[in-house]
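Asks: Positions annotated as domain 'Major facilitator superfamily (MFS) profile' by TrEMBL: 1-394. Positions annotated as region 'Disordered' by TrEMBL: 139-187. Taken from TrEMBL, the feature transmembrane segment applies to 15-37, 43-71, 83-102, 108-129, 205-226, 270-289, 295-316, 336-358, 370-390.
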């Protein structure tokens, strides 16, 4: 993932993403073909799976960079929260497809998704638009007025004609108050892509990366182990357990949208993540103890846990990554989106690998211990954001203090008769 982000910053995203999708489909299908070819050599499946993991790393940095190029900071949390629901929809479809053939011909559980992603890669190649400027749309504003000028001067006060929609490139040049047809568009000098170490120095990248490591550990442990947990504890069949486990991702969709909406309204990405992680810990404990007491309780607890676990995960991998990839310290250089996204999600992928591995090692000692491990990871994810949360809180206290000071001055002026 780390290497993939560096390449994604320097190669055309359309070619890079499309090629990765097609090759990923090939390796996914090859894994399933091992069933029909009657291959029983473990190294075949290991090599195919490792190669599949390598080519799949082209996906996330590229898609977040593309969406980040189109939408500015104003409504980025909500927009990317809705957009990010595709990950949970993909997980749901994957579980349903796998469940359909898991007891008959499991090879189709891999071949069918492989064909789907390869076809979508071809569609992406023909229709993806990387930048708003490619179709003569205005680029978005990546920073709010407070980001650009802490003194409180708005963008419109600086230059009324420089106002760009904060929600994305919604206006065409022909609709602008400035006549662009009279001034031919001069090719702007392309900024250089940021280095790996330069991306690490952006404030907040390290904290959010480490937080995502533990958040993704919890999410992926549920993704891979929840069906087996339901089979062992609730004694459902394999297909029923697979269907029921999709409710965790249904909750993830709601949690991602909710987290994006709240973080847009408050301006506190880290605080939103921290609050959801704090509430998630007791919910995981409750699910383990009462989650299997009836189908209704199980459904409700799965949706709630999915929302609280996947909400911060979704927010960090989308809006937070896009915010940091277009940080004000970069002075308008958006050539850091792919690298920053790759660093954050790549660090999270370490947790995605460790979580299911640890669950496999701990589960023979009892499922209670697996959930204690998940709760501990959840708490650690929350603690790693402490510095950023404090910084956001100070940012909120500053304007309130200035507002109180202005009110006091106004009251004193009125009392003095000024």
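Sequential numbering from 1, following the chain as shown.
A Cβ is built for glycine as well, from the same backbone N, Cα and C atoms used for every other residue.
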Asks: The transmembrane segment (205-226) vs the transmembrane segment (43-71): three or more C-beta pairs under 8 Å (separation of 6 or more)?
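Replies: No, since the transmembrane segment (205-226) and the transmembrane segment (43-71) share fewer than 3 Cβ pairs closer than 8 Å, they do not count as touching.
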Asks: Mind checking which residues reach the transmembrane segment (270-289)? Cβ under 8 Å, same chain, six or more beyond either end.
Replies: 204, 207-208, 211, 215, 218, 255, 259, 262-263, 301-302, 304-305, 308-309, 311-312, 315-316, 320, 367-368, 371, 374-375, 378-379, 381-382, 385-386, 388-389, 391-393
Asks: Just to confirm my parser: what is the rounded mean pLDDT across the domain 'Major facilitator superfamily (MFS) profile' (1-394)?
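Replies: It averages 81.
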